């Protein structure tokens with residue numbers, strides 16, 4: 001319980017500081033969510049991949065088992081975020097509004113990221129060349145986001161509804177540096193808190209006898225999405241929907257491109273059949289459904305739309321358990 005409380009408190013502080021820094025540099029909170037925050041909250045996935053890859057190279061972790069666990073956790077986390085967590089955030093917020101341009105510049109790349117991963121995994125593995133392709137794709141996309149932000153940024157994008165945030169915008173570079181260090185510290189604590197919750201989850205799994213290939217998708221995927229969940233909820237609490245949306249969508253781009261890309265570059269990965277036949281297609285499909293629901297509702301995602309997302313998540317887990325339980 002203490003770790004969960006710490007998770008929420010530190011995420012709130014980090015969000016407040018990052019939004020203030022974004023305002024100082026004339027960057028929107030959505031841009032910060034898509035880039036800095038999404039990369040920071042993806043550290044559990046990135047760390048898991050690099051640790052697994054190192055152990056694979058050292059011979060202390062089975063190549064196929066290690067690959068299956070981290071790949072399942074990665075893509076499982078993405079499905080959780082774009083269905084269950086986004087649905088939960090919408091319920092709490094009472095509804096969210098997306099700009100149509102956001103759907104094109106953020107959600108379409110999210111879907112294409114999954115399509116790229118499917119294409120690269122078709123031969124049964126992620127090679128070092130595949131890792132380079134994924135990492136370069138991440139750098140190119142973030143360069144596009146920055147140039148787009150510089151071109152289309154509007155000052156009214158950072159007219160904060162939360163008085164506390166409006167009063168906490170740094171006034172000089174010294175305050176920016178202090179707020180940056182505080183935000184980084186809070187994000188690190190958030191990640192360690194999420195890791196602790198993740199370890200507790202694994203212990204429960206081991207004691208109850210739940211095992212097999214579903215561990216990566218169901219338990220690790222959910223637990224490793226906790227930083228994104230707490231950050232998104234903190235953004236909603238501060239009435240800064242941009243950072244919530246940016247974090248959730250941006251993380252679904254960062255996770256595959258950086259975590260899988262970095263791990264594949266280090267050790268390569270064996271791509272299990274369930275990942276190719278179900279997990280990645282499911283992530284692509286749920287992302288496409290999410291885009292379609294928002295697009296045809298003129299940028300609005302209501303509680304009814306959130307219900308569809310939650311149902312999609314449970315359908316995904318059910319089919320995974322029934323038909324793709326073994327790698």
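Each Cβ is built from the backbone N, Cα and C atoms, and glycine gets one as well.
Those TrEMBL annotations? Automatic predictions, nothing curated.
Copied from TrEMBL, the annotated features are:
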DOMAIN    3-147  domain 'Sodium/calcium exchanger membrane region'
TRANSMEM  79-96  transmembrane segment
TRANSMEM  103-122  transmembrane segment
TRANSMEM  128-146  transmembrane segment
TRANSMEM  176-198  transmembrane segment
DOMAIN    181-320  domain 'Sodium/calcium exchanger membrane region'
TRANSMEM  210-236  transmembrane segment
TRANSMEM  248-269  transmembrane segment
TRANSMEM  275-296  transmembrane segment
TRANSMEM  308-326  transmembrane segment
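Contact between the transmembrane segment (103-122) and the transmembrane segment (308-326) is not supported, since fewer than 3 Cβ pairs fall under 8 Å when only residues 6 or more apart in sequence are counted. Across the candidate stretches 128-146, 248-269, 308-326, the maximum count of CB pairs under 8 A to the transmembrane segment (79-96) is reached by 308-326. Using DSSP to sort the residues of the domain 'Sodium/calcium exchanger membrane region' (3-147) gives these counts of helix, strand and coil: 124 helix, 4 strand, 17 coil.
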